[in-house]
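Shown next, in structure tokens, is the structure this report addresses.
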Amino acid sequence: MSKVAIFASGSGSNAENIVKYLKERSKSVDFHFFTNNSNAYVNERALKLDVGITLFSREAFYQSDKIIRLLKQEEFDLIVLAGFLWLIPENLVEAFKGRIINIHPALLPKYGGKGMYGKKIHEAIVANHEDETGITIHFVDANYDEGKIIQQVSCEVLPSDTADDVEAKVHALEYEHYPKVIAQLLDLLE
Ligand code: GAR
């Protein structure tokens, strides 16, 4: 049995997709969600999916070792960031070295770094008339969007695409590829 912690700050559509994908394939995986946002839709998704969710404060995350202790106590194999917007503190990166992954909705190193997330990225892609974008799945280190890249997949951006169109294309890539990478990593880790 593998244990996966999924951190999400917003809607949680990736979190839901990962749980459904892995459960459908009858992988023996246990999930738990973590969020910093009590208003985020990921809280409803957790209820619907019957997955536990832990809400934590900025203070607990940055000024204490509460979250690290919890993650260690529960023996999580993998920590998956899925639209989680806070920087991972160095002590957490150290405690789970090589076991924290993130998905970024662009082709890093382009459109990465602090303040570059979600819709803002897709708006910048359109404003800059980029002809391609995509996703980057990478290991997490203590800097935003800089860890070792595991996989990148690109898609075309048409001159007529709006930020919503780009977001839909990128989400489709995320839903297809992120769960597969997680499944592969879990097999490697078992
Ligand atoms: C996803 O597109 C994810 O790649 C992005 O936020 C979205 C969350 O959607 N993450 C970042 O921008 C991190 N820098 P979701 O909550 O519906 O899964």
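Using N, Cα and C of the backbone, Cβ positions are placed for all residues, glycine too.
Summarising the annotation, TrEMBL assigns domain 'Formyl transferase N-terminal' to 3-182.
Under a cutoff of 8 A between CB atoms, and with a sequence separation of 6+ in the same chain, the neighbours of S13 (N(1)-(5-phospho-beta-D-ribosyl)glycinamide binding site) are R45, G83, H171, Y175. The N(1)-(5-phospho-beta-D-ribosyl)glycinamide binding site annotation in TrEMBL covers G12, S13, N14.
What TrEMBL records for R58, N102 is (6R)-10-formyltetrahydrofolate binding site. Remark: N102 ((6R)-10-formyltetrahydrofolate binding site) has L81, F84, I137, H138, F139, V140, D145, G147 as non-local neighbours, by Cβ distance under 8 Å and separation of at least 6 in sequence.
The active site, proton donor annotation in TrEMBL covers H104. In this view, H104 (active site, proton donor) is surrounded by 25 other Cβ atoms within 10 Å of its Cβ, with every protein chain counted. H104 (active site, proton donor) falls within a strand when secondary structure is assigned with DSSP.
Within 10 Å of the Cβ of D145 (site 'Raises pKa of active site His') there are 20 other Cβ atoms, across all protein chains. The site 'Raises pKa of active site His' annotation in TrEMBL covers D145.
There are 24 other CB atoms within 10 A of the CB of N14 (N(1)-(5-phospho-beta-D-ribosyl)glycinamide binding site), with all protein chains counted.
Around R58 ((6R)-10-formyltetrahydrofolate binding site), taking its Cβ as the centre, 9 other Cβ atoms fall within 10 Å, counting all chains. A separation of roughly 22 Å, to the nearest angstrom, links the Cα atoms of R58 ((6R)-10-formyltetrahydrofolate binding site) and H104 (active site, proton donor).
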